[in-house]
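What Swiss-Prot annotates here:
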ACT_SITE  193  active site, proton acceptor
BINDING   29-57, 99, 138  NAD(+) binding site
BINDING   106, 138, 169, 248  substrate binding site
CROSSLNK  57  SUMO2 cross-link
MOD_RES   5  N6-succinyllysine
MOD_RES   14  N6-acetyllysine
MOD_RES   57  N6-acetyllysine
MOD_RES   81  N6-acetyllysine
MOD_RES   118  N6-acetyllysine
MOD_RES   118  N6-succinyllysine
MOD_RES   126  N6-acetyllysine
MOD_RES   224  N6-acetyllysine
MOD_RES   232  N6-acetyllysine
MOD_RES   239  phosphotyrosine
MOD_RES   310  phosphoserine
MOD_RES   322  phosphothreonine
């Protein structure tokens with residue numbers, strides 16, 4: 001008696017399954033899973049692979065997502081401790097690493113995470129030599145440099161999530177003050193993701209109307225409205241969320257899916273993300289910092305040359321020096 005499947009279905013074609021739009025997420029902690037669900041909800045991949053060292057947690061997360069398949073449009077969700085499950089990925093998102101503790105600076109995490117990357121990156125490269133690498137783990141600017149060094153990839157294919165979230169937080173808070181949706185509030189935070197990020201006050205606008213032109217004290221200590229506080233809130237926000245709920249997830253997950261969409265759909269949108277800045281803004285070392293970048297199917301194809309004040313440029317240079325001071329001490 002023929003099996004039920006054979007009675008029901010007549011096969012016409014022996015297919016070899018090679019995914020066309022595969023995305024891998026390395027690390028199934030709170031951030032990794034927020035990235036995964038955000039990507040699934042945006043229908044960006046035909047296959048999603050999850051990788052972690054904690055096998056039970058990994059299998060549980062995979063099964064939980066698979067059970068939602070009816071409500072998703074990603075036909076294959078796989079997982080494994082072995083990196084062979086990641087083969088043929090277009091995009092590999094790295095969220096694995098030691099988690100930032102309450103009150104711990106992002107830079108303090110660094111050597112702990114370098115050691116983790118020494119295992120992850122060669123395995124990713126082995127199975128997906130043509131992928132784009134999107135680094136999310138903190139401190140993101142330094143770890144993007146680490147991923148670039150270990151992978152041997154050209155710099156366009158190694159991207160740090162950088163200030164994409166900082167800028168999104170900034171635009172949200174700007175919108176709250178002005179009573180306008182964040183999408184219509186334009187403002188950029190550049191430089192280091194974290195404590196020494198640089199708000200570009202001159203670029204803040206709604207409908208092309210410059211806030212700095214209307215309110216020349218914007219971002220200065222003399223400002224009666226204290227817009228500087230908005231940037232301070234951005235810097236403090238991750239620490240506050242970590243203090244309140246233990247970690248940050250949803251905003252970073254949505255932010256990463258936003259970047260993944262630009263890459264997978266070759267949108268060529270401009271994002272404030274971490275890229276190799278040597279030779280720009282007076283920076284002479286191999287450091288990764290966030291500037292507005294054109295993001296598409298080849299990763300970062302172009303960088304927008306932002307007009308910075310001498311103070312802003314000095315701030316960026318100081319961040320670069322701080323990062324380089326740490327990078328040159330790293331043990332690979």
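Heads up, the Cβ atoms here are built off N, Cα and C, so glycines get one too.
Of all the recorded positions listed here (81, 118, 126, 193, 224), the one with the fewest other CB atoms within 10 A of its own CB is 224. Take the Cα of residue 224 (N6-acetyllysine) and measure to each of the recorded positions 33, 57, 193: the nearest one is 193. The Cβ of residue 41 (NAD(+) binding site) has 15 other Cβ atoms within 10 Å, all protein chains considered. A gap of 28 Å separates the Cα atoms of residue 14 (N6-acetyllysine) and residue 126 (N6-acetyllysine).
Cα-Cα distance from residue 248 (substrate binding site) to residue 322 (phosphothreonine): 25 Å (rounded to the nearest whole number). With respect to their backbone Cα atoms, residue 126 (N6-acetyllysine) and residue 33 (NAD(+) binding site) stand 24 Å from each other. The binding-site residues considered are 33, 37, 45, 49, 53; of these, 53 has the fewest other C-beta atoms within 10 angstroms of its C-beta.
For residue 37 (NAD(+) binding site), the nearest neighbour among the recorded positions 118, 138, 232, 239, judged by Cα separation, is 138. For the pair formed by residue 322 (phosphothreonine) and residue 138 (substrate binding site), distance between Cα atoms is given as 15 Å, rounded to the nearest Å. Nearest to residue 57 (NAD(+) binding site) in space, judged by Cα atoms and limited to the recorded positions 5, 81, 118, 169, 310, is 81. Calculated from their C-alpha atoms, the gap between residue 49 (NAD(+) binding site) and the residue listed as 'phosphoserine' amounts to 45 Å. When the Cα atoms are compared, residue 53 (NAD(+) binding site) and the residue listed as 'phosphoserine' turn out to be 46 Å apart. Cβ neighbours of residue 310 (phosphoserine) (same chain, under 8 Å, six or more residues apart in sequence): none.
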